Structures are given as structure tokens and as C-alpha cells.
């Protein structure tokens, strides 16, 4: 497993900073050449590469941003050469007033930069909670992963940012989302030895499990209540009355034969010797077989059974001789 190592800076900063409160003006080839997901928080920016809207947004110049948008001289969701929007730069540099303006103007919230990071993810990564809050309250998705598979929760955990983590969880961020190293936010905390975050997440998972169990119990209770059988005496009143009528007839002396479809009749109504109903050959054979145990020993029969039946008399005559 590749270790996702890196270094974080203070809020809104990396190792150094010389551009309006951010460390992002040292050249595009400095930190972004490091492929580690946690090697940098902000953007490396050269002003000459920015359009006027991006430049004003990255500096936090609210009135200038509004003027540019009102004049129609720039597209609200315009991208720079690294696919960043003005919203990305405002979030990374911590300008909530610009973020609010762009959102009110209807900008797209979940646009990806060249590393598949949304403006919300950049706000979380750079620990800009106010910017992140605006985006979350307007429906930004906290679970969209970047090229490393990390979501907003992974970066909040790595930064040991408990307030941001709480806010993300309140907006239903997925605590079980795994990155490309197969690390969930909790496993990332363990892997990076973030003990405070590990304890916090363990507590959150316990609370989440308790809530889930309570919901399951409630659902099961409602299911059992809906599936409880009604009183059998009332479940089929018509069928019950018919059964009672049959029982009443039996009590009044009705013959068993008179009850239609009576199973007792089917089981015990065997044909007798005096039965005048014509019998098939198979029925006659079955009858003889069943009755042989009850035939008298001296009874003569016109079939093979008669030979066995007359044997005792022949034996008696031999004794007399």
C-alpha cells in the first residue's frame, strides 16, 4: 500500500505565502509537481495566467467580481488552463464574500479542476470552513472524490479539523468512502496516527450505529404491528358460519354420507360384497386381496385362493386313513 504522506499548513496556508494571504504565487512547478495528495492545500498561481474574473476572485475583490459579472465580459463558470473556476480560487484563498456572490449568481458548484477536485473539496483542504459552509448549504456534494479517491472527509481528517468534520457529517458525508489506497476516513486517521481524529470518528461511528439500530427496531416494530393476524373468528365470518351450519346438521342426526365432499366418507366408504355397483377387474382384484384375511378357513372360492383355503381339509382326511 502506498503511504499517503504529505504536509499540511496552517489555515489557508502552506509552507510559505506571499499572495493575499495564500502561499500560491511561487510558480506552477513548485508544489503541484509533487504527486502526494496531501502535499499542498492551496493553488500555485501566476497572475499572468489568470483572466480578470479569476484574478479578482483569487484576491477577494467582491465589487470587481460583481462588476465583471454584471458587464457580461466573463463567463461565470469560465475555466483557466488548469480547469479551475473563479469559485475554486475564492474557496482556496478563503474569500467567503466572493463565494457567496458567485453562488447567488448561479455558478456550478461541483465543477472539477485538473485533479478532479471541487471547490468544496478545496475549501475543506485549505480549512476554509466559512466557504465550505456556504457551498454545503447550497447543495454541494461532499462525497465527490479527487484523482486519489479522497473525499472532503479524508482531507478534514488529515487536517485534524474536527469542526469541519462535524459539519460534513451533518451534511451526510459518507464516512465509509474509501480512497484508492482502500482507506476510509477512519482508517486514514489510524494510518496517519491522527489519534484525536481516530477517537472522534470512533465515537461518531458508535453514535451512527446506535441511530441505525434504533431505526431498525422502529421499522421492525411497525412491520410486526402491521403483520399481526386478526382474530381468527372474525377473519372469515362467511366461512365460519358455513362450518357452524354443517356442524349443526351433524348434531341433528345427518348421516356422514350426506355431507358433500366429506373426507371421512372418501376414506372409509369401501365396496362391500353386497354392493350392487358394477366393479371393474382391478377393483375386484383389490377387493379380494383386502378381504382374504377375513375369509372363513373352509370357504370355497373359484379362484387361486381356493387352493390354499382347502388345504386344511385334505390334511384331515390323510390323518383318518
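Note: Cβ is positioned from N, Cα and C throughout, glycine not excepted.
Since we're looking at a predicted model, the values are computed, not measured.
Swiss-Prot lists 229-242 with the feature compositional bias 'Polar residues'. Annotated region 'Disordered' per Swiss-Prot: 222-242, 268-321, in sequence order. Annotation source Swiss-Prot lists repeat 'ANK 1' at 48-78. Residues or ranges marked as repeat 'ANK 2' by Swiss-Prot: 82-111. Annotation source Swiss-Prot lists repeat 'ANK 3' at 115-144. Look at Swiss-Prot and you will find 148-177 tagged as repeat 'ANK 4'. The repeat 'ANK 5' annotation in Swiss-Prot covers 181-210.
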Query raised in the report: Across the repeat 'ANK 2' (82-111), what is the average pLDDT of the model, as a whole number?
Result: 97
Query raised in the report: Cβ under 8 Å to the repeat 'ANK 2' (82-111), counting only same-chain residues 6 or more beyond its ends: which ones?
Result: 11-12, 20-22, 24, 28, 41-43, 45, 53-54, 56-62, 65-66, 69, 76, 117-120, 122-123, 125-126, 128, 130-132, 134-135, 138-141, 144
Requested in this report: Summarise the repeat 'ANK 2' (82-111) by DSSP state, stating how many residues are helix, strand and coil.
Outcome: 17 helix, 0 strand, 13 coil
